Each structure stands twice: as C-alpha cells, then as structure tokens.
Amino acid sequence: MEKNRKKQIVVLSIALVCIFILVFSLFHKSATKDSANPPLTNVLTDSISQIVSACPGEIGVAVIVNNRDTVKVNNKSVYPMMSVFKVHQALALCNDFDNKGISLDTLVNINRDKLDPKTWSPMLKDYSGPVISLTVRDLLRYTLTQSDNNASNLMFKDMVNVAQTDSFIATLIPRSSFQIAYTEEEMSADHNKAYSNYTSPLGAAMLMNRLFTEGLIDDEKQSFIKNTLKECKTGVDRIAAPLLDKEGVVIAHKTGSGYVNENGVLAAHNDVAYICLPNNISYTLAVFVKDFKGNKSQASQYVAHISAVVYSLLMQTSVKS
C-alpha cells in the first residue's frame, strides 16, 4: 500500500514537472516572438525618434492609425501653428454659419484697398479690380488650398473672430493642447506672436482625425472642408512628397510656414495630414518643426523623411497581416 502511494507521488511529481516545462517553453516562445515583432507603435516611435534626434531644431510628431493606435514624439512641447490654424478657422466658421443658417455661397464684396498687398495672397493676384466679389466658399478654398492670408484675415475680422474660433475648437480637442490668439495680420506685425498660436502635435492630429472620422458640423460643410484639403497646393515637399507617386494613396493636408528671424532660425515648418492607403489603412500624421537652424528646404526634408518612414512601416504591416 505504502509502495503504491510513493509510486503515485513520483508519477504526479513527474507530471507536474512536465507541465511546468511545457508552460515555460510556450511562454518563452511567446516572449521571443513578441521581442522579434514589437508592437507597431513601438517601431513607429523608435523610427521617428531616430530622425528627430538628428534635427537642428525641435520636431514634434503625432500619428493616429486607423482611428486607434497613437504615437507621440516630443508631444510635451507646443509648436507655432502658423497657417495650420486655417483648418481650425474653417471648422469654426462653418459651425457658426450652421447655427445662423447662413450659406457658404453668400457673396462678399471686398474692397481691394483693405487688403494687404505685401502678405501671401494668391487671391489678390487672381483679381485685379478695385472690388473683389467672392463667396465665402471661395474664401475658404483660398485659405485651405493656397493658405491665402488676406482671405483668412478678412474672415476673422468680418465673420468669426479669433476668440470665437478658439472657443469652438476647445469643444473638439483638449483645451491644453492648443491656443489661437492672433490673426495672420497680427503675427505679420509681430513675429513673436506666432508662438502664442500654438498646438501640441497630438492636438492637431486629433482635430484632423476627428474631421475625417466623425461628424462635427453640417455634413455638406464638413465634406467641403475635407474635399478642399485634398486639393491643398502648398507644401508638396513635406508629408505629401514620398506619397505623390504611390498608386491609390489619397492625402488631405494643411501646411504652416513660419518666419526666419535675424539669426537665420526658422520659427516653424509644419504639415498635418489625413492619409488613406489602398489597403484600408488610414492614418493622421502631424509634424511640427520649430526653431530650425537651416532653410525651408532642409526642414521639408525632415518632414518628408518622417512621412516616408511612417508610410513604409504601415505598408509592411499591411503585407504581414
């Protein structure tokens, strides 16, 4: 009887050891596999960080993949938005027009002598008469596709002001992630004011992502903003650069370009985009460069490099899955 009991104990002990070895082996294989294939967010963070670390300035980046996975690099800092805030302006204006029942096709007569001939303004070059007659939709198209400063200043002055814009955007993204305090005209008069129109990379990415994935304002007006951003003509050497020759890629984006100070430092060089790939992956990419010790072309190369790496990694992920 005693011998049988000892035999059972030995058999049970051997069985437990075998189970332990099996579990340990499976766990080790799983850990090895995870180590060999780290999460996409980790790979993106590491790859972007390597590019950012070599920059003679500060770069902040945010990526939102499929409205879910989020990557942040240098997001604790805030960056001058420059003309990126024209997306914020468009949303606030359209929301105000929704509430008041005003059409974007409302005609506006603009006295040419009230416009700034020295600022960036394709609109001013397109119309030579003393009075320019355009719809609000036309003005928005000028600001979103060509970053027209006169059109932006006019809408801030006569339609929806800076404070109203700032307040509305605070209902869409965290208050701490951005601030809009000045117009293009005010920043032109005092370049330091550009730093008071700021955003975190994630704040800008969140707004662009919500614009393309959620209903924020009237459907027709929101569709107009989205489609117009797909026609953006500025900054094609930034996020769009490595994507222009890629079949089936759709990009909507808005750029922002800063001033160069007396020391040759570029205050800001930005781009925020929503990108759809042919493999059903969509992502928002926000890249903000500030206090860059180099020229605009060099700053664009950093933005384009980050865009190329993100695109490549997301395409590889798609192939593997």
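Here, residue 1 is simply the first one shown, and the rest follow in order.
Any Cβ shown, glycine's included, is placed from N, Cα and C.
Database features (Swiss-Prot):
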- SER83: active site, acyl-ester intermediate (ACT_SITE)
- LYS233, THR234, GLY235: substrate binding site (BINDING)
- 1-30: signal peptide (SIGNAL)
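A simple way to gauge crowding: the CB of THR234 (substrate binding site) has 20 other CB atoms within 10 angstroms, across all the protein chains here.
Counting every protein chain shown, the Cβ of LYS233 (substrate binding site) has 11 other Cβ atoms within 10 Å. LYS233 (substrate binding site) falls outside any helix or strand according to DSSP and counts as coil. It is 11 Å from the Cα atom of THR234 (substrate binding site) to that of SER83 (active site, acyl-ester intermediate).
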